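Input: one structure, supplied below.
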Amino acid sequence: MKSFTLTTLAALAGNAAAHATFQALWVDGVDYGAQCARLPASNSPVTDVTSNAIRCNANPSPARGKCPVKAGSTVTVEMHQQPGDRSCSSEAIGGAHYGPVMVYMSKVSDAASADGSSGWFKVFEDGWAKNPSGGSGDDDYWGTKDLNSCCGKMNVKIPADLPSGDYLLRAEALALHTAGSAGGAQFYMTCYQLTVTGSGSASPPTVSFPGAYKATDPGILVNIHAPLSGYTVPGPAVYSGGSTKKAGSACTGCESTCAVGSGPTATVSQSPGSTATSAPGGGGGCTVQKYQQCGGQGYTGCTNCASGSTCSAVSPPYYSQCV
């Protein structure tokens, strides 16, 4: 009982300080940063599985553009606690936020304007595995622990049989440290905008968000501070063309070799209505909307915030945002 209580208290103590967001994307080892990510307004979780925020988080900012991806290639999603901080010195998602990592895709007509209401199919999951030496679920192997081991990175195979077109890719980490009561599970997700090229014709079965999860699902309403004999990852099964990772497995590929500033990078074309928009009055001016990036290390975009907001360093020197 004492061990359980201390573990629970430790998890609760880390609750407020260890929120996180998926931010950057690598495509076959090429660093696209956050250019095609709809960055959430904050690093706080979504807890209501019946809200539309369960699709792509609450009030995400428009992405700069769409990342080009070939069907059958590997993308690597990257999570960190603070906006713009891609350092490996801190856990990607700390505070004993243990749980699975899942990735979904949705075929859309235009990734820049899609609202996430179309169907989703799961292409990846890294869930749970028993630690024979552990005494509770906290001691077991989890997808979020793998994120922490791999500097926030998780490799995801894009199914080779997908047809060409625009897609949303939804990366999600589920923290279960307070999931012992209904509404306690914490969902951290970001949607990335992709343009996929391929010759496939697959049409995977889909689920809807909201709708795919229930607050009482066994993988959502669960006490991980007690010993676990099994765990069911929420949502549908992974599509046959996707991939899985066994919790506790070693970092591979880009998870272990990709490092910010030491490899190839790429820039995407700016989508209409994204981060920087023309300011009235001409003169080549631009305006950054509230909650969007306006500065930071390596940033070369617009720095003029829309009326009513100012450019503030939220994670110096990496990231500044209009607030």
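Every residue gets a Cβ built from N, Cα and C, even glycine.
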From the list C36, C56, which cysteine is recorded by Swiss-Prot as disulfide-linked to C191?
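Disulfide partner per Swiss-Prot record: C56.
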Determine, to the nearest whole angstrom, how far the Cα atom of C56 (disulfide bond) is from the Cα atom of Y188 (Cu(2+) binding site).
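Taking the Cα atoms only, C56 (disulfide bond) lies 9 Å from Y188 (Cu(2+) binding site).
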Show me the subset of H177, Q186, C191 whose Cα is within 10 Å of H97 (Cu(2+) binding site); these are the recorded positions I mean.
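Correct set: H177, Q186.
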To what whole number does the mean pLDDT across the domain 'CBM1' (286-323) round?
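Residues in the domain 'CBM1' (286-323) carry a mean pLDDT of 70 in this prediction.
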Specify the secondary structure state of C56 (disulfide bond) as given by DSSP, simplified to three classes.
helix
By the DSSP assignment reduced to helix, strand and coil, which category contains Q186 (O2 binding site)?
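In three-state terms, Q186 (O2 binding site) counts as strand.
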Hey, how far is Q186 (O2 binding site) from H19 (Cu(2+) binding site), Cα to Cα, in Å?
9
